[in-house]
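The structure appears below as structure tokens.
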């Protein structure tokens, strides 16, 4: 008998929350799985990434999550058939890797006959992903601030989750090319100025407080000013052809804040109105630079991973 798990897309960083903030979005990948005899593995892919997602188990992130769950218990992974039905664009800054890892871990948990322990799933997912900003909202849903304190003897992992208010909309422009996370990290500087560091602390603190309030008017007011970043976006925007112009076009069309989604190249625009106009403005702006884009009209997602 096959079972299905649904995991949402995520957008990380949200401007100043580099490697800390993440929010789940109403776009999903579904993993269908069933146990197979003799420890044999079969991986199938439909939809996004059908040409790019590896079928070899050791390179497939869903199976890596599946296998990691069992290795943490000192047991070999059983045979399994994994079928990934993907809606989330691959390597576009929308958490497709995190989604695969989380779905594989959850499949293993269910085959093992255990209920979801979201904190344990998060710990194992971070071991694979390396940081919690995408996997945390994929597991918990909503807006999540998270951090791994590796210098602590117990490598403590903290997450704070908030529910975005109704009325908040997300317009995402997805350019028709990939941008690897590795390249997006290599362009970052080793050091930043004291002024830039202070401004990011200020902005990230204000965004957290605004989201915690649950007040949509407060979120709009604060995010308009505070979703500015000085640590990563100035260095990543040059990797996104037409990105800065498209971000400004979104603001001119009514978005109250725009950020690079994850490491890019997708752009996230936040708004309470004029979603179609904002999406069209970004599409036309990118097109002027010869970049084809898809526009996704999404909402913050609040449930995280769950069984269908």
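For all residues, glycine too, the Cβ spot is worked out from N, Cα and C.
TrEMBL labels come from automatic prediction, so no person has curated them.
What TrEMBL records for 66-142 is domain 'GHMP kinase N-terminal'. Residues annotated as ATP binding site in TrEMBL: 89, 90, 91, 92, 93, 94, 95, 96, 97, 98, 99. The domain 'GHMP kinase C-terminal' annotation in TrEMBL covers 209-285.
Feature map: annotations from TrEMBL on the structure.
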residue	record	CB count, 10 Å
89	ATP binding site	23
91	ATP binding site	18
93	ATP binding site	30
95	ATP binding site	31
97	ATP binding site	20
99	ATP binding site	32
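Other residues of the same chain near the ATP site, with their Cβ within 8 Å of the Cβ centroid of 89, 90, 91, 92, 93, 94, 95, 96, 97, 98, 99, are 9, 88, 262. Within the domain 'GHMP kinase C-terminal' (209-285), the DSSP-based counts of helix, strand and coil residues read 44 helix, 9 strand, 24 coil. Classification of residue 91 (ATP binding site) by DSSP places it in coil, neither helical nor stranded. Mean pLDDT across the domain 'GHMP kinase N-terminal' (66-142) comes to 94 in this model.
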